[in-house]
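Listed in Swiss-Prot for this protein:
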- ASP265: active site, proton acceptor (ACT_SITE)
- LEU150, GLY151, GLU152, GLY153, THR154, TYR155, ALA156, THR157, VAL158, LYS173: ATP binding site (BINDING)
- 144-425: domain 'Protein kinase' (DOMAIN)
- SER14: phosphoserine (MOD_RES)
- SER74: phosphoserine (MOD_RES)
- SER89: phosphoserine (MOD_RES)
- SER98: phosphoserine (MOD_RES)
- SER117: phosphoserine (MOD_RES)
- SER132: phosphoserine (MOD_RES)
- SER440: phosphoserine (MOD_RES)
- SER443: phosphoserine (MOD_RES)
- 44-87: region 'Disordered' (REGION)
Amino acid sequence: MIMNKMKNFKRRFSLSVPRTETIEESLAEFTEQFNQLHNRRNEDLQLGPLGRDPLQECSTFSPTDSGEEPGQLSPGVQFQRRQNQRRFSMEDVSKRLSLPMDIRLPQEFLQKLQMESPDLPKPLSRMSRRASLSDIGFGKLETYVKLDKLGEGTYATVFKGRSKLTENLVALKEIRLEHEEGAPCTAIREVSLLKNLKHANIVTLHDLIHTDRSLTLVFEYLDSDLKQYLDHCGNLMSMHNVKIFMFQLLRGLAYCHHRKILHRDLKPQNLLINERGELKLADFGLARAKSVPTKTYSNEVVTLWYRPPDVLLGSTEYSTPIDMWGVGCIHYEMATGRPLFPGSTVKEELHLIFRLLGTPTEETWPGVTAFSEFRTYSFPRYLPQPLISHAPRLDTDGIQLLSSLLLYESKSRMSAEAALSHPYFRSLGERVHQLEDTASIFSLKEIQLQKDPGYRGLAFQQPGRGKNRRQSIF
């Protein structure tokens, strides 16, 4: 009798003292309870109206009876059989959320997903994966809220938006579809290239939404672009910041060129910058995948001010050096605060180039006289001028790098990969060369922007609003 009293006392005492439970124990208990309820529901569903088990009734029916081999069951039958066998686990939720992009879903959404959407025990097929993403909200226009109109171009309108899934800001590039022509080739090209580019210095394509009337590209949102940055620092950048932006530009471009992709439209408006100072290549509408060392392309590419002389003269055979000339022009513009060759026509653009670098000859540019445009224009014989007199804020290494990019003969221009190792960037340290592709240069504590001498304040916040946003991503 005394033993019974002791047992009752221990039981009451244990019930009166709250028990500390670990997160792992709570999750394990939750999982077990869910599985019990799930199995009980399956048992109820499996019992027919007369208390019979429909699976037992069907057990005498084999796949071979219908002429189907076991491996040839319809997807619906296979799915139903897996439904009756699957169990929920926390690992399933993790697998379900292994998305092809860096995304953080709200906690309440994860809880809802745990309760309502258990996963299959086998790895998801491509079709199932797409269906899974669609269930979450990807590929649906209603997932995004339009906030401000950033600009409008010939084929597209760009909006600042917000994702209902993550609450993050996004840029919605809405491309109008003409029923006679379908999606513009520039949009198709941009999507096909960007979906395979994962780099810290290349804008991320988060989602793609296709409706009858439009094709919407959902990009990560960045507050400003390089042109706006220059405007808001009074066109007077810190030379340290010039170096950091230049390194990021080359880093993203080297990644593209390594994958045989030419951007073909480099300009400050297409280099987006966020509040952290991360610079990212954007607007791949004119970009091309290059499968051979040289190939014939259109010469109507690259904004006039950043177009290399060989393309200006009508060359349609080019490779990665087409982008490197533009890099040189952008480097000069950051260092001086003004465009290097602001021509309004092709002839004027060539005139400005020749006046600074000297009129080319067969000795300085083999094959130049073969261009009919060069013979037709009959340019004066200009002598080359020293670049240091036009960009005095650049140090010796900076001038040497600039000179190696602004070369007439395209094959002689320094590559993006080689430029990253130029002595000009030595002051950034060695660790910048050891970063993973998706790691930001600012993940290194020694890399920080300095205050620009001409800084006017709010350099990042104001440009991204309303009509002041440059129409740079159409």
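Glycine is no exception: its Cβ is also placed from the backbone N, Cα and C atoms.
The closest partner of LEU150 (ATP binding site) among the recorded positions, by CA position, is ASP265; the full candidate set was ASP265, SER440, SER443. Secondary structure from DSSP puts VAL158 (ATP binding site) in a beta strand. Annotation note: LEU150 (ATP binding site) sits in a strand segment as assigned by DSSP. Over all protein chains present, the Cβ of ASP265 (active site, proton acceptor) has 23 other Cβ atoms lying within 10 Å. In this structure the C-alpha atoms belonging to ASP265 (active site, proton acceptor) and VAL158 (ATP binding site) are separated by 18 Å. Secondary structure at SER440 (phosphoserine), taken from DSSP and collapsed to helix, strand or coil, is coil. Mean pLDDT across the domain 'Protein kinase' (144-425) comes to 89 in this model. Neighbour count (other Cβ atoms within 10 Å of the Cβ, all protein chains): 14 for GLU152 (ATP binding site). Ranked by CA distance from SER440 (phosphoserine), the binding-site residues GLU152, ALA156, VAL158 have VAL158 at the top as the closest. DSSP assigns ASP265 (active site, proton acceptor) to coil in the three-state reduction, outside any helix or strand. Working note on the modified residues SER440, SER443: by count of other C-beta atoms within 10 Å of each C-beta, SER440 ranks first.
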